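Student: Please find one structure pasted underneath; my questions will follow.
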Amino acid sequence: MEVISINNTNCNNINNNIDNTNIDTNSIHNKNNIDNNIDNNNIDNNSIGNNNNNIDNNNNNIANNNINNINNIDNNIDNNNNIDNNNNKNNSNNYNNIDNNNNNNNNNNNNNNNNNNIDNYNLVNNNNNNNNNSEISTPNFPYNNNNLTNLNSDNNIGVQVIFENISYKTENRNYKKQIKDEKKRKKKLEMERSNSSNSNSSYDVESSASGLQTPQQSRSSILPTNSLNISKIDQSMNPQQTRSTTNGKIEKEITILSNVSGIIEKSEMVGLFGPSGSGKSTLLDILANRKSTGTISGKILVNGKEIGDAYKKYCSYVTQDEILLQTSTVEETLKFHADLRLPGLSDQDKWKVVEQVIKDIGLTKKSKSKIGGILPGGMIVKGLSGGEKKRVSIGCALVTNPSLLFLDEPTSGLDSLNALKVMKVLMNLTVIKGVTVICSIHQPRPEIYHLFNKIMIMLKGRMIYCGNDVLNYLSSLPNQYQCPNYTNPADFILDTCHEISECDHYEEICESWETNWRDNMLAVSRIQPFNRSIEPNKSCSLLYQYKILLNRNFKDFFRNSTQYITRLSGGFMIGLLFSACFGTLSPSQEDVLKISGILFFLIAVLNLIPFTCITLFLSNREVFNSERASKIYHSLPFYLSTITTEAFIQFLVSLIVSLLVYTINHLRWNFSSFFITYFILYLINLLSDLYIIAISNITGKSDLTFIYGTTISITFLLFMGHLVPVKQLPKSFGWIHWLNPLYYGYATVMVAQFKDYPLECPNDFCQFPNGNDVLKFYNLEDWTLQKGIGIIILWICFFFVSGYWAISKLNKEKR
């Protein structure tokens, strides 16, 4: 509770057990008790839990502006425990604020003052958490400690946001198609008119002779003479085209938002209502400075100042979907965000931040639990529920202790109980820490609706209301929309929006609000000044980001048993099958083709193994896009950490295959030959991994990646020089083998195996007296090891750069 400017020198006790006690806030005289003389304005205190029932003021004075007796927050809202103070829910701090406008003990309980409201839905008690199994406690956020000097001391204070005349236009992607459709429609209409005129003229000639009425004359007494506007009919039947047309003209840009204005006071919890497609998410993206496409106009002020580059440091955004790494625990997920977003803190202080955030979101008992979900490959990891995952997403945003928190549909996909728990977490942030919360929401239950201090309503890209008395406002409109008894106000608002969008007063309502919003809202903002500045936090180095991401990648790899068991056991099985199939080989004439064949198939199989990881790459990219949109790290450290992890895995797979084949099949056994063969197999495996990563990031879809990847791989295998020797390839497309990295790998392992290698030669016939003759048969007699290894490394660099370009430039989160 924040008590402002009370100078009651004769008050020895303020008894907070105000059950069935009336408080007169208009006149505090020199009495020991606060007497309420307001008739019929009873404050039911059944739902106000105060840990300190008696506030003993030994000095008989309450110092001006220095009392912060905050009523603890009750996490269980009882529908029957309502505090009806007939006040508008304008209290941005969710506190019980008593404003003494003069020093003569006269308190003015003016309902228009934002500091004099008791919001019965925003006062809850943190001590009663058993009913909902929530562990939300009164925070003692470690940022307030003196030893954490890297963060601003006022960073836990909410901010005021004013947005004026926000408009947003985006490219009409169907512009060309709509132009073609319009031309076809006009052409068809002209043909129908010409056919109709021809048939009518011939009928007129015949009817004039017989004295019959023409069809136009016979219908004139039934149909109106006004022409039918076909374009209006088409637009009404195609909503998407309606938004991209102006007076029947197709526009290249679609107007999504038009002159949207409003104000959000500090520490308010604001609900953004409206039907689907009304522009709620677009407005949130613009306010959070996350829009990367389209044209934005208008003005956004934070604490009276225009937003700058440091604005994102003080605001956080929670997306509608919980995109989290399934194998990480709750505390590991939050620690990951703390490591990358709070580089100035020591590791001990980061853990303090993580522990406090876990308490704030009520997941203390689940801190060691994994996020859970379906892993790439189909393995299911048991973990958190949907509501708990949503709270973890909120916790990731709270790591930086933001002043402004945006949420897109935080209750989407949750049952009513989990949705209420999530919204209570947000409400506690506004009441206890003063965070300003703005969230879009769709059809909340009544208990959630009453948590909001302010309601904003969007309809067809325009703001039709922003305030705290929405029901009275709707009843004052021309059609007088009255909320029936026993009706969820949120459902009533959405139903009313549908009626307003179809009524004749829609434009009038929108224009009236756009004209008068300054008088209605800006007057409130002048009550208290804001002088808080926005300062940027430090960012961590790319090397540090790489270290943190690499650590997470290896944990994810070893916790995903399906991934590492499948890939490592797959390499073992391939090596074992090859060895069993070809058996023990000798340097005889009969085994020469077997040796070249086993080398070919080894390269071919290692080239195809990375196809098993397509879903893994796409899953990791989804997490990357979500975290990149939040500016947690740069693209390069993520890409390098991913390639490092893959290089380690391919190292193990190639080593297992090479050892098994060399040991069982008895290939040319000397260290240089084995090392070169193994190194080439490893490079081919890594190269294939890189071009699959590049293709998956270019296409963004598993089926397209598989189609393009297999096409490239089959082309590589055909022109590798084994199935068809290079000398026998047609000249028209024989040059393709020079663009084939697998050809260079195959040529190199053949040289390592047969260069100066003595072969057994029978007396009657000897096709290959030694290994050099084998190389000559494959047109590899002049091939050098350095040439093959160098060209393969160049191809690896090419696919590495292509993959990085694709992941950093393509398939970004477009908002």
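The backbone N, Cα and C atoms fix where each Cβ goes, and this holds for glycine too.
Features from Swiss-Prot:
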| type | residues | note |
| --- | --- | --- |
| REGION | 81-141 | region 'Disordered' |
| COILED | 164-199 | coiled coil |
| REGION | 177-249 | region 'Disordered' |
| COMPBIAS | 194-210 | compositional bias 'Low complexity' |
| COMPBIAS | 211-248 | compositional bias 'Polar residues' |
| DOMAIN | 242-485 | domain 'ABC transporter' |
| BINDING | G274, P275, S276, G277, S278, G279, K280, S281 | ATP binding site |
| DOMAIN | 562-810 | domain 'ABC transmembrane type-2' |
| TRANSMEM | 568-588 | transmembrane segment |
| TRANSMEM | 598-618 | transmembrane segment |
| TRANSMEM | 647-667 | transmembrane segment |
| TRANSMEM | 675-695 | transmembrane segment |
| TRANSMEM | 706-726 | transmembrane segment |
| TRANSMEM | 732-752 | transmembrane segment |
| TRANSMEM | 788-808 | transmembrane segment |
Student: Tell me which residues of the chain lie with their Cβ under 8 angstroms from that of P275 (ATP binding site), as long as they are six or more apart in sequence?
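Tutor: The list for P275 (ATP binding site) reads L459, L494, C497, H498, S501, given in order along the sequence.
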Student: Report, as numbers and ranges, every residue of the chain located at least six residues beyond the transmembrane segment (598-618) whose Cβ falls under 8 Å of a Cβ in that stretch; write 'none' if there are none.
Tutor: 376-377, 563, 566-567, 570-571, 574, 578, 582, 585, 646, 653-654, 657, 661, 665, 667, 677, 680-681, 684-685, 688-689, 692-693, 696-697, 700-702, 705-706, 709-710, 713, 716-717, 720, 722-723, 742, 745-746, 749-750, 753
Student: Do you know which of the binding-site residues S276, S278, S281 has the most other C-beta atoms within 10 angstroms of its C-beta?
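Tutor: Result for the most crowded candidate: S278.
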Student: Compute the centroid of the Cβ atoms of G274, P275, S276, G277, S278, G279, K280, S281, then list the same-chain residues not in that set whose Cβ lies within 8 Å of it, in sequence order, for the ATP site.
Tutor: S440, M458
Student: May I ask for the residues of the chain that lie six or more residues beyond the transmembrane segment (706-726) and have a Cβ under 8 Å from a Cβ within it?
Tutor: 596-597, 600, 603-604, 607-608, 611, 614, 688, 691-692, 695, 699, 734, 736-737, 740-743, 746-747, 777-779
Student: Please give the average pLDDT for the domain 'ABC transporter' (242-485) in this predicted model.
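Tutor: Averaged over the domain 'ABC transporter' (242-485), per-residue pLDDT gives 87.
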Student: Identify, among the binding-site residues G274, G277, G279, the residue whose Cβ has the fewest other Cβ atoms within 10 Å in this structure.
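Tutor: Among the binding-site residues G274, G277, G279, the lowest count of other Cβ atoms within 10 Å belongs to G277.
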Student: Restricting to the same chain and to sequence separations of six or more, state which residues have a Cβ under 8 Å from that of K280 (ATP binding site).
Tutor: L272, F273, G274, D408, S440, M458
Student: How would DSSP class K280 (ATP binding site) in three states?
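Tutor: The residue in question, K280 (ATP binding site), is helix (DSSP, three-state).
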